[in-house]
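Here the structure comes first, spelled out in structure tokens, and everything after it is commentary.
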Ligand code: CP3
């Protein structure tokens with residue numbers, strides 16, 4: 001969508017890797033790269049008031065998205081927002097409490113028919129404005145990644161009303177109310193697809209679907225709740241934008257990663273840190289992978305960090321690889337460790 005003629009446009013390395021290109025040095029970004037480990041994020045966050053005010057304020061959301069790009073020069077930038085703006089846009093209440101994470105009124109079966117997608121784009125207009133401005137303000141070589149939650153992960157928070165260790169409320173709901181639960185996932189999948197397509201219209205180069213709780217599902221449920229809804233989203237995104245890569249991140253999927261790419265149609269597999277590098281290498285033979293350093297190696301630093309980085313570069317470094325963490329960076333991580341990781345990746349010979 002840029003104004004520049006094609007030959008003058010610098011290459012977007014992360015985007016090219018997502019499409020299967022290989023580079024000597026892999027592109028790098030971090031999940032949760034705009035976050036509390038950065039003093040400048042904490043300062044803007046304080047200015048915003050609540051976390052949601054930050055998500056819905058384009059001036060501030062653009063600012064925090066750009067902070068890690070300015071500081072570290074990552075190859076990709078991820079829109080600053082939260083996956084739970086979708087349930088919020090569908091009429092569920094949402095707030096974030098300091099130290100407790102997201103809080104919503106737990107959803108009951110009778111609430112499902114009342115979910116209202118008619119105001120989705122109106123509610124999310126500030127997020128679209130953030131994407132539009134980001135594409136203008138980011139360095140031209142930086143890949144801009146949009147995102148949404150996956151329907152299953154969104155449903156777990158909507159049903160429990162808060163984070164839980166095992167998502168028991170949503171799993172029980174799915175067993176007791178199978179039809180309504182499918183209806184919920186389909187509605188969420190369509191909302192996510194509409195949302196991602198609009199982000200791409202506004203300038204996102206690629207989109208990531210976060211299924212943070214995919215790993216907790218039993219075999220039958222994994223197919224119905226983690227594969228089919230993501231396939232529905234990916235098909236709609238690809239129908240609208242065949243050349244825009246979709247990154248799937250089914251955290252904890254384990255052996256089910258083997259068929260995930262083929263069954264959902266995602267272009268890039270996001271790998272969490274539990275995926276063995278030998279398995280990752282097999283998955284990489286069929287397309288780009290993203291990951292998968294344990295965020296706690298980054299927190300620990302020193303040898304644990306160096307060895308983790310080196311192992312990924314050794315096994316996966318010839319690409320196509322988007323170097324990343326296996327989940328979000330945690331708030332106590334020292335900035336010096338992030339710098340060390342980036343230097344080590346970029347020093348790859
Ligand atoms: O930099 C980025 O990665 C982009 C921004 C982003 C956030 N959340 C900002 C955020 C992204 C991509 C997300 C995704 C998200 N949100 C997921 C999927 C990825 C994952 O972590 O598994 C999930 C499950 C959520 C829901 C959510 N949001 C939870 C459970 C929490 C509380 C946990 C926590 O870290 O506090 C949030 C809050 C949240 N989302 C924060 C940030 C920077 C911290 C809140 C704060 O600043 O006070």
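Start at 1 and count along the chain as shown; that gives each residue its number.
Positions of Cβ are set from backbone N, Cα and C atoms, glycine also.
For 32, 33, 34, 35, 36, 82, 157, 212, 327, the entry in TrEMBL reads substrate binding site. Taken from TrEMBL, the feature domain 'Uroporphyrinogen decarboxylase (URO-D)' applies to 27-36, 145-161. Residues or ranges marked as site 'Transition state stabilizer' by TrEMBL: 82.
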**Request:** Residue list, the domain 'Uroporphyrinogen decarboxylase (URO-D)' (145-161) vs rest of chain: Cβ under 8 Å, 6 or more residues beyond ends.
**Result:** 14, 29, 76-79, 81, 83-84, 86-87, 92, 102-107, 131, 167-170, 173, 181, 184-186, 188-189, 192, 195-196, 199-200, 204-214, 217, 225-226, 229-230, 233, 247, 250
**Other CB atoms, at most 10 A from the CB of residue 82 (site 'Transition state stabilizer')** = 17
**Request:** Looking only at C-alpha atoms, tell me how far residue 36 (substrate binding site) is from residue 82 (site 'Transition state stabilizer'), rounded to the nearest Å.
**Result:** 14
**Most distant Cα pair in Å, residues 32, 33, 34, 35, 36, 82, 157, 212, 327 binding substrate** = 22
**Request:** Would you pick out, from the binding-site residues 32, 36, 327, the residue whose Cβ has the largest number of other Cβ atoms within 10 Å?
**Result:** 327
